[in-house]
Protein chains: 2
Amino acid sequence: MKVSSLFLFSALLLLDTAAASPSAKPGKKKKKDWGNKKPKNFIMVIPDGFGPTSELMARDYVHWKDNSTTMLPVDGLIIGQTRTKSSDSYVTDSSASATAYSAGIKTYNGGVGVDSTFTPYATVLESLSLQGFKTGLVVTSRITHATPASYIAHTHHRDLESNIALQLIGHAHPLGRRVDLILGGGSCHFLPSTTPGSCRPDSTDAFTLAKGLGYNVFQTRSEFDKNPKLPYLGLFTRDHMSYEIDRDSAKEPSLKEMAIRALNDLYSATRKSKQGFFVMVEASRIDHAGHANDPVAHLHDILAFNEAMDAIREWIDGHEDSPTTMVATADHECGGLTVGGDIPQDPSYWYAPSWFAGSRASAGVLAKRFLAFTGSDEEKKKFLREEVLKPYGISDATDAEIQEAAKITSSGKLETWLGKAMGDRARVYWSTGGHTGADVTLYGYGPKVEEFAGHRENTEVADFIVDLFGLNLESVSRKLRKNQTWVDEWVKPAKGETMKASVHGH
Amino acid sequence: MKVSSLFLFSALLLLDTAAASPSAKPGKKKKKDWGNKKPKNFIMVIPDGFGPTSELMARDYVHWKDNSTTMLPVDGLIIGQTRTKSSDSYVTDSSASATAYSAGIKTYNGGVGVDSTFTPYATVLESLSLQGFKTGLVVTSRITHATPASYIAHTHHRDLESNIALQLIGHAHPLGRRVDLILGGGSCHFLPSTTPGSCRPDSTDAFTLAKGLGYNVFQTRSEFDKNPKLPYLGLFTRDHMSYEIDRDSAKEPSLKEMAIRALNDLYSATRKSKQGFFVMVEASRIDHAGHANDPVAHLHDILAFNEAMDAIREWIDGHEDSPTTMVATADHECGGLTVGGDIPQDPSYWYAPSWFAGSRASAGVLAKRFLAFTGSDEEKKKFLREEVLKPYGISDATDAEIQEAAKITSSGKLETWLGKAMGDRARVYWSTGGHTGADVTLYGYGPKVEEFAGHRENTEVADFIVDLFGLNLESVSRKLRKNQTWVDEWVKPAKGETMKASVHGH
């Protein structure tokens, strides 16, 4: 979402959210009454690495910009909080958390759809698919990344993304093709190692395999716009899709566009059947901006998440013939974000979201732009001031800052430097380049969601879906485990292989 | 609460919380059904400076200690989140936030029961008292501190605590004595300047004035234990009461003891009347430990808050003849607390609450203990290791650490140093010595509380109470404002006086 569209976006909030949400004025609550309806469909939304303060930081920016005090779309959908720890740490990674959400088990950081003995556990997506539901995965990261992987793949470590790609499309999955709709980034794990830009260690052509399994495969926005038929696999970028603030809408659809397309396609495909659909939508890169300690990229991906959530809520309201329940919750906080610092003049406590108003690109993109620039020292400093700091929103850089930044020779370090320069101005701080243990906010909408309100362990998200649809994950797990060759080859570490690499930067 | 009692405390949780709270297993929810009952009484609980991560930090400690995964008492009472900003900053102080909770208005940081033009606004406590409700204020800070002050006093700056003391008891309040029950610390603002330990700038004896206004006045635990009759004013300490971890139970009651005493006394006093009671209970010093960046003192005051909340919930359940609604929410986050850091070995993401197990005193008390110690350099280092770091929970201090700490000559600096030494071990970090803008968790229990669920602006807390009891705050505000002499003398800044001091460390 571009900044200019925020005005309309916020105006809509004033009209919509109060009436539709549980957060209207006391005594004036008009929550949509779903009666005793059971849902036909389920939407799981995961804003990755999105802590409570991420939302606050974005909301205060909108408040400053619009001189408003309204809620953002997801605020109106709050139903509780989620506890996130994994089986081996008070601070989870994305794969352990997504495995809790998908399979209802606690596992170690790094584990994908397996427990700490590498035993595979069936997911709600697999179980619903076997029952005839249509399924989808929609993300802005590589589609083989930890969160989507944990809904369909089973392997001892999240970094095995080329393995995950083949499980995802059903080629290396004991239950065959189980995902009908796939949208996101990460084509590199589908291209054979002989193709430039591939990340595969082998010559397997996963796109060709996917076609053989029935998928319509596409890699461009223009093909996406031609409304391909299910099942489809659309990957728009080699690596992760762009941060929202950097996104070229001619090349990559927004999270909202992908989510609504997914809902419409899954709805059409299940309109006449008793079974509905299940889709997992991930706002993947809120997390990456947290790891990079880049408040600007973080902010705009949060706004894009809010916009997608508002559209999803609206979609649910508009499709009462196919009742849909939605639960959204982050997998963990990222970066240890805090907002507000002490300043020596009144008011002593202060956060200044106005600093974000001038931002036009992420710190990562700008840092790479600078390192690609060649010129004299003076030209470099001018470029830094005009073409890096200014588009990042910093127009008052001191000479000392320019001097310091000009010396940086790694784009990762310049990315962090830019984030800190912005943070010091806006009074936005990060405590880590990794995750924290913070509880995350639990959101929900649609039939039966009140029954899930409260403080929840992350595994209870899967329990809720199991209860809603009467699933038997155990029996599906047994089917997975029966295939010993698959377990040995695709799930477990090879003999002598390190159990797991350390999990950094995800 | 002492560490040893936590075992029983947590065992109780397993039995109680799931059944009584909105957070039981999906499909097994057994929320207490209050039907259409209207509450007779209202309890407002404010854990000052208590962010979402404060609760997480404490819960994980209990999980580690008990090898459990259960919720803490307040987790089961979550109903939403509260937005906290003030009229002049995205980061509020306690007086602006408490004024939002008490009077339903946004004011500037530092303002107590007034808006930014220094116009007084009536509070729910004042309004309910005028309607015949009994009222109480129970805190662990000085009773004249910003949060309790904002329920009964009206003045342009929170630092005017000697002024606030006289409004509190009704001596300098246009509506006369309106608080029937007062428990907390801070007798220094009641003692005439001629008495040692007084903080008053004048020779006014506020305790004698209070007696003249009908209060039973006491300053010891033994008098508290003799069940004094209402109205009473019991202040146990000159300054704030002790942190829970430092509390001498022979001298100071716990927050839970004071809260339950208050509920029982207010219940008895209103048993036969149509009007019930209103009480504000503040877990005041969670905030102070946040300002000091002392995770140990923070932890134990959070556990004491949870224990008090569990007792309050139980009290409400046990008094169905006098239906009581309780809302609890912090006024703001404090310290920018985050929990979890990256470490070079597996699991990379880590928080180690086990470090808190050895803590026996707050950093503040231990820092003062060290600075009072006299001896040779070697004796000082030994004292530091054995009598300061060990009781703080740090038994593995390096020689370099001892060397560094031994050089510190200010107790405030040593307090922060101890907190950081503990934090670096446990992987608990603070970003500021002040507040942050974080949304805080909203808790509730009792009749009608579901109607208040959701994402709330802090002013809506007052709106909710106004709606529940049909109050007319405007008419009470007019009564206040009519007394122009009082407004000029007690509320407004004197001509030429600085509007407000900067607000630090509260």
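Each Cβ is built from the backbone N, Cα and C atoms, and glycine gets one as well.
Taken from TrEMBL, the feature signal peptide applies to B:1-20.
TrEMBL lists B:D48, B:H145, B:T147, B:E282 with the feature Mg(2+) binding site. A coil conformation is recorded for B:D48 (Mg(2+) binding site) in the three-state DSSP classification, outside any helix or strand. In the structure as shown, the Cβ atom of B:D48 (Mg(2+) binding site) sits within 10 Å of 28 other Cβ atoms.
Taken from TrEMBL, the feature Zn(2+) binding site covers B:D48, B:D287, B:H291, B:D331, B:H332, B:H435. For B:H291 (Zn(2+) binding site), the count of additional Cβ atoms within 10 Å of its Cβ stands at 21 [all protein chains shown].
Residues or ranges marked as active site, phosphoserine intermediate in TrEMBL: B:S94. According to DSSP, B:S94 (active site, phosphoserine intermediate) is assigned to a helical segment. Taking all protein chains in view, 31 other C-beta atoms sit within 10 angstroms of the C-beta of B:S94 (active site, phosphoserine intermediate).
Between the alpha carbons (Cα) of B:S94 (active site, phosphoserine intermediate) and B:T147 (Mg(2+) binding site) lies a span of roughly 6 Å. Annotation note: B:E282 (Mg(2+) binding site) sits in a strand segment as assigned by DSSP. For B:D331 (Zn(2+) binding site), the nearest neighbour among the binding-site residues B:D48, B:T147, B:E282, judged by Cα separation, is B:D48. Using a Cβ-Cβ cut-off of under 8 Å to chain A, none of the binding-site residues B:H145, B:T147, B:D287, B:H291, B:D331 qualifies.
With a 10 A radius on its CB, B:H435 (Zn(2+) binding site) counts 34 other CB atoms from all the protein chains. B:H435 (Zn(2+) binding site) sits 11 Å from B:D48 (Mg(2+) binding site), taking the Cα positions as reference. Residue pair B:T147 (Mg(2+) binding site) / B:H291 (Zn(2+) binding site) shows a Cα separation of 16 Å.
In this structure, the CA atom of B:H332 (Zn(2+) binding site) is 7 Å away from the CA atom of B:D48 (Mg(2+) binding site). Under a cutoff of 8 A between CB atoms, and with a sequence separation of 6+ in the same chain, the neighbours of B:E282 (Mg(2+) binding site) are B:V45, B:I46, B:P47, B:D48, B:L137, B:V138, B:V139, B:T140, B:S141, B:T147, B:P148. Counting only the Cα atoms, the space from B:H291 (Zn(2+) binding site) to B:H145 (Mg(2+) binding site) is about 15 angstrom.
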